[in-house]
Amino acid sequence: MGKGDPKKPRGKMSSYAFFVQTCREEHKKKHSDASVNFSEFSNKCSERWKTMSAKEKGKFEDMAKADKTHYERQMKTYIPPKGETKKKFKDPNAPKRPPSAFFLFCSEYHPKIKGEHPGLSIGDVAKKLGEMWNNTAADDKQPGEKKAAKLKEKYEKDIAAYQAKGKPEAAKKGVVKAEKSKKKKEEEEDEEDEEDEEEEDEEDEEDDDDE
C-alpha cells in the first residue's frame, strides 16, 4: 500500500492527546536515558487524567480547540493529488449497521471486566472478552444471537425503506422527461403535417395555373 499524501494536513489532536504528549516530554526531561514501557506509561497517564480537575484539563482543551481551528483552516486550502479517491459520504440519517451477537456480549460484559480488572489495557480486555465468548456454551449464546438476528432483520427493512426514498423522485422525473419527449415528438409530427399540407396546396395552385 502506498503512503498517504505528505502534504496533507496532520489530523487534529484531542485534549487527552495533548496531555499525553506533555507527559511524554516531562518523562524525557526527568529520565532521558530510561526506556519507556508504553503500556505502563499509558496506564499512568490515564489514571492521572482521571484525577485532574476541569480547570487543569482546560489548558489541554484550549490547545485541542486551537489545533482543530488550525486543521480546518488548512483543510480548506488543501488540494488532494489527482487519482486520490474521496471518502464516501456517510449520511447521518442512514440506518446504522446492527451489532453482532459477539458485540452485544462485549457490551454486556465489558463494564464487569473493567470493574474487576481496572488496570487492564483495551487490548487485554478485548482478548479476555474473546476468550469468554469462545468458552461460552452454544445454548448460552442463543439469546444474544436471536437478538442480533432480530436487529439485523430490522436493519434490512430500514435500509430498504431508506434506499427507496430517493426512487419516487427519480421515477417522477423519468415520467416528466418521457412526457416532454412525447410532446416534442407530437409537435414535430404536427409541423411535418403542416408542411405536407402547404406542399399539397402549392401543387394544387400549380395545377390550376396549367389549366
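Backbone N, Cα and C atoms are what each Cβ position is placed from, and that goes for glycine too.
Database features, via Swiss-Prot:
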MOD_RES   Lys7  N6-acetyllysine
MOD_RES   Lys8  N6-acetyllysine
DNA_BIND  9-79  DNA-binding region
MOD_RES   Lys12  N6-acetyllysine
MOD_RES   Lys28  N6-acetyllysine
MOD_RES   Lys29  N6-acetyllysine
MOD_RES   Lys30  N6-acetyllysine
COMPBIAS  83-94  compositional bias 'Basic and acidic residues'
DNA_BIND  95-163  DNA-binding region
MOD_RES   Lys127  N6-acetyllysine
COMPBIAS  166-179  compositional bias 'Basic and acidic residues'
MOD_RES   Lys172  N6-acetyllysine
MOD_RES   Lys173  N6-acetyllysine
MOD_RES   Lys180  N6-acetyllysine
MOD_RES   Lys183  N6-acetyllysine
MOD_RES   Lys184  N6-acetyllysine
COMPBIAS  187-211  compositional bias 'Acidic residues'
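Features per Swiss-Prot, on structure.
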| residue | record | CB count, 10 Å |
| --- | --- | --- |
| Lys7 | N6-acetyllysine | 9 |
| Lys8 | N6-acetyllysine | 14 |
| Lys12 | N6-acetyllysine | 17 |
| Lys28 | N6-acetyllysine | 12 |
| Lys29 | N6-acetyllysine | 8 |
| Lys30 | N6-acetyllysine | 8 |
| Lys127 | N6-acetyllysine | 12 |
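Looking at Lys12 (N6-acetyllysine) and Lys30 (N6-acetyllysine), their Cα atoms lie 28 Å from each other. In this structure, the C-alpha atom of Lys127 (N6-acetyllysine) lies 35 angstrom from that of Lys29 (N6-acetyllysine). Per DSSP, the DNA-binding region (9-79) is made up of 54 helix, 0 strand, 17 coil. With respect to their backbone Cα atoms, Lys28 (N6-acetyllysine) and Lys8 (N6-acetyllysine) stand 29 Å from each other. On a Cα basis, Lys30 (N6-acetyllysine) lies 34 Å away from Lys8 (N6-acetyllysine).
Secondary structure at Lys127 (N6-acetyllysine), taken from DSSP and collapsed to helix, strand or coil, is helix. Model confidence over the DNA-binding region (9-79) stands at 83, taken as the mean pLDDT rounded to a whole number.
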